[in-house]
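What Swiss-Prot records for this protein:
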BINDING   H83, H182  heme b b562 binding site
BINDING   H97, H196  heme b b566 binding site
BINDING   H201  ubiquinone binding site
TRANSMEM  33-53  transmembrane segment
TRANSMEM  77-98  transmembrane segment
TRANSMEM  113-133  transmembrane segment
TRANSMEM  178-198  transmembrane segment
TRANSMEM  226-246  transmembrane segment
TRANSMEM  288-308  transmembrane segment
TRANSMEM  320-340  transmembrane segment
TRANSMEM  347-367  transmembrane segment
Amino acid sequence: MNNIRKNHPLMKIMNSSFIDLPAPSNISSWWNFGSLLGACLALQIITGLFLAMHYTADTTTAFSSVAHICRDVNYGWIIRYLHANGASMFFLCLFIHIGRGLYYGSFTLTETWNIGIILLFTVMATAFMGYVLPWGQMSFWGATVITNLLSAIPYIGTNLVEWIWGGFSVDKATLTRFFAFHFILPFIIVALVLMHLLFLHETGSNNPLGTSSDSDKIPFHPYYTIKDLLGLLLLIILMMTLVLFSPDLLGDPDNYTPANPLNTPPHIKPEWYFLFAYAILRSIPNKLGGVLALIFSILILAIIPILHTAKQRSMLFRPLSQCLFWTLVADLLILTWIGGQPVEYPFIAIGQAASILYFTLILILMPMVSLIENKMLKW
């Protein structure tokens, strides 16, 4: 058996990635989220495939085909809600995974980090297009509002929007192409995930201390396979609690009304995992400025390795940086709350303050505090 595992062309790739992989001996539960993201992706592809068997990408039948899946298909309701809430779990794990990377300085593995940012953008695009497919009110108006942002691009904006729509408004052509992209993108995500792992295994994983673990490695199996299974079990418990007890908790009631181009919902808002970026977008009165702030709010992750001024890699022994990190987390939670509120006083002012704080923390305060900590440690 050992010979097959280590010598077979396919098996030895699996062996070197998941079985005999040398892993740091001290990585904590914050390192579980990579495998949980893999599990979420697998779940999304499987449930998505079964949904695609019954879904019709046509404006006249899309809404009723989703209702048909929930009412008439065997276990269709659970497949649909696993897929919808699976996206929420995916983003929850994704945000924690990125947060862990920021806290423990994993961004110094630049290739892995940059592919991770590309993955984040791809997953966000996939989730946005998936939200359009049920063709409810929020699907239609969400698609209209978000695609319309591209019209802020000078000179080519309007043409670009109409090109994406496939006409002069969000209609049948838009729905069909969104379904096509929503179907193909997860497989592109799988390819990017393999690249992400490839670059990670070139350098080896980081650890909570931020030091080299070359002198103290343990095999991935059985230690971390068992540890990942525990994380997976907890995720399944959380997921099934959500799906079986309150599947619509994170959804929008407006999406149970069929899309109507003549009736605008009072508050157009995306799913909860986009609200922080949506709040940043809305906090700038200028359209182009808002779009740039929206893009930069995520693209800012790419310059974090440049902004890293600390002599220590991890924040584990840097209490001042820890304070700023948790302030950033709180700020993102405030932005998420603001993104779901109507555009009126005092929410506009809170959103603007939180947006300014977000960029100030990352671009100015964190690098400054890192330099102060270097001085305090006489480094």
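Numbers here mean position along the shown chain, with the first residue as 1.
From the backbone N, Cα and C atoms, a Cβ is placed for every residue, glycine too.
Structural mapping of features recorded in Swiss-Prot.
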residue: H83; record: heme b b562 binding site; Cβ neighbours (10 Å): 21
residue: H97; record: heme b b566 binding site; Cβ neighbours (10 Å): 19
residue: H182; record: heme b b562 binding site; Cβ neighbours (10 Å): 21
residue: H196; record: heme b b566 binding site; Cβ neighbours (10 Å): 21
residue: H201; record: ubiquinone binding site; Cβ neighbours (10 Å): 14
Contact set of the transmembrane segment (33-53) with the rest of its chain, CB cutoff 8 A exclusive, min separation 6+ beyond the ends, reads 69, 79-80, 82-83, 86-87, 89-90, 93-94, 96-97, 100, 182-183, 186-187, 189-190, 193, 228, 231-232, 235
With the transmembrane segment (288-308) as the reference, which stretch in 77-98, 113-133, 178-198, 226-246, 320-340 has the largest tally of C-beta pairs below 8 Å? 113-133
Using C-alpha positions only, work out which of the binding-site residues H97, H196, H201 is nearest to H83 (heme b b562 binding site). H97
What same-chain residues lie close to the transmembrane segment (347-367): Cβ under 8 Å, and 6 or more beyond its ends? 279-280, 282-284, 293, 296-297, 300, 304, 307-309, 321, 324-325, 327-328, 331-332, 334-335, 338-339, 341
Cβ pairs under 8 Å with the transmembrane segment (178-198): which stretch of 77-98, 113-133, 226-246, 320-340 has the most? 113-133
Quick one: find which recorded stretch in 77-98, 226-246, 320-340 has the most Cβ pairs under 8 Å with the transmembrane segment (113-133). 77-98
Positions on the same chain near the transmembrane segment (77-98), where near means CB under 8 A and six or more residues out: 30, 33-34, 36-37, 40-41, 43-44, 47-48, 50-51, 66, 69-71, 116, 120, 123, 127, 130, 235, 238-239, 242-243, 247, 250-251, 271-273, 301
H201 (ubiquinone binding site) to H97 (heme b b566 binding site): how many Å between their Cα atoms? 17
H182 (heme b b562 binding site) to H196 (heme b b566 binding site): how many Å between their Cα atoms? 21
